[in-house]
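Step one of this worksheet: look at the structure below.
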Amino acid sequence: MSQIHSFIPSNASPATLGISLILCGFIVYSVSKMFGYRTNHFPVEGRTIVVTGGSDGMGKAVACQLAEKGANVVIVARTVQKLREALEAIKGTAQDVKKQRFHYISADLTDAAECERVIAEVTEWNHGLAPDVVWCCAGYCEPGFFVETPVNTLRSQMDTVYWTAANTAHATLKSWLAPIPPSQQVPLPQRHLIFTCSTLAFVSIAGYAPYSPAKAAIRSLADTLSQEIEVYNGARAASSRNAAPPADVKIHTIFPMGILSPGFDNEQGLKPQLTKELEAADKPQRPIEVAKASIQGLEKGDYLITTMFVGHMMKASALGASPRNSIITDTLTSWLSSLVFLQVIPDLRKKAFNWGLKNGVPSSQSK
């Protein structure tokens, strides 16, 4: 302890220490962004990738960028016409359309049996091999005050946000983790299961009561799976193993903020005015920007991936027991965010109080 104290001036004030900490956080964050990474932990060329919710918005942008990098892409959504149109756009971005393969599947992912059908169909289409990557992008947001929202909407949001992801993950992992005997085991690259969450899972905002809990549930599921998956990875690593899964698996979660899309336009029409005021700092990104930042995070090997600096600060404020991307960067940024959110959280509550003081009890007329 004496060595640590020797680095701290005896007359340093709390303000000085706080400013120094903030500067350190910004320096570490900037350096990490400047120098990036050397190893690509997410090579996709020649690999088969399933993107749910791939007919528009972020999912479509993700599929296009993966195709541009040489992946074989399967998109999943409900509406056949939108899937057909999206698939043509995805083919148009392909690195080599003659070598790559593309497919779409219409399915209702709130039904677990449909998710199992999707994985089975992709496996058959992929010459009997399970997909290498499954990226869960399905879901939409219906904002509103909790008491003003019908209970069936609360349930619907859990179905379309959480259960589409959980059902897809369950079907995928059942396929990936089925043990095979040593005689059938061949070297396979690491597989990736990717969830798409929201920064609202870190810091929720009034008006997102139907949506935020479902996203928080995804984050919790991903954290749990990041531990459970190591049981299967460990079984593969055993020197005297018997039956084991055919490949290691890694879990990732993406945390975008606002995304400019048809779904966002619909969301804005439902959103309480208070919510719009509280999230004024959230500058929506284009789907292509979110997809690019997400893929860059995957290529770095990150577990929790945010797509802009504000989201990074929100993540740092709520790391909890989640695995860190970088012990040093995440720790310093969490110290910085703890100072920032000493101001932010009371400010959000104060604005909500003042909004009620001015507008009265929320109702459908206040939207």
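Just so you know, glycine gets a Cβ as well, placed from its N, Cα and C.
Residues or ranges marked as active site, proton acceptor in Swiss-Prot: Tyr211. The active site, lowers pKa of active site Tyr annotation in Swiss-Prot covers Lys215. The NADPH binding site feature in Swiss-Prot is assigned to Gly53, Ser55, Gly57, Arg78, Lys82, Asp108, Leu109; the stated evidence is similarity to another entry. The feature NADP(+) binding site is assigned by Swiss-Prot to Tyr211, Lys215, Ile259, with similarity to another entry given as support. According to Swiss-Prot, the motif 'GXSXG' annotation covers 53-57. Feature annotation from Swiss-Prot assigns transmembrane segment to 12-32, 193-213.
On the structure: features taken from Swiss-Prot.
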residue: Gly53; record: NADPH binding site; DSSP class: coil
residue: Arg78; record: NADPH binding site; DSSP class: coil
residue: Asp108; record: NADPH binding site; DSSP class: coil
residue: Tyr211; record: active site, proton acceptor; DSSP class: coil
residue: Ile259; record: NADP(+) binding site; DSSP class: strand
Say we define neighbours as other CB atoms within 10 Å of the CB. Which of the binding-site residues Leu109, Ile259 has the fewest? Ile259
Beyond the flanks of the motif 'GXSXG' (53-57) by 6 or more, those residues with Cβ under 8 Å of it: 63, 73-77, 79, 82-83, 85-86, 90, 104, 136-139, 164, 196, 259, 261-264, 287
Return the member of Ser55, Lys82, Ile259 nearest to Tyr211 (active site, proton acceptor) in space, with distance defined Cα to Cα and candidates limited to these binding-site residues. Ile259
Between Ile259 (NADP(+) binding site) and Gly57 (NADPH binding site): CA-CA distance (Å): 8
When the Cα of Ile259 (NADP(+) binding site) is compared with the Cα of each of the recorded positions Arg78, Asp108, Lys215, which one is closest? Lys215
Could you pull the average pLDDT for the motif 'GXSXG' (53-57)? 96
Within a 10 Å radius around the Cβ, which one of these recorded positions has the most neighbouring Cβ atoms: Arg78, Lys215? Lys215
Of the binding-site residues Gly53, Ser55, Arg78, Asp108, which one sits closest to Lys215 (active site, lowers pKa of active site Tyr) when you measure Cα to Cα? Gly53
Whose Cβ lies within 8 Å of the mean position of the Cβ atoms of Tyr211, Lys215, Ile259, the NADP(+) site, other than those residues? Gly139, Cys141, Val161, Cys197, Ser198, Leu200, Tyr208, Ser212, Pro256
Among residues Tyr211, Lys215, Ile259 annotated as binding NADP(+), what is the maximum Cα-Cα distance? Answer in Å. 15
Return the count of C-beta atoms lying within 10 angstroms of the C-beta of Ser55 (NADPH binding site), excluding that atom itself. 27
Cβ proximity for Lys82 (NADPH binding site), under 8 A, sequence spacing 6+, ordered by residue number, returns Ser55, Asp56
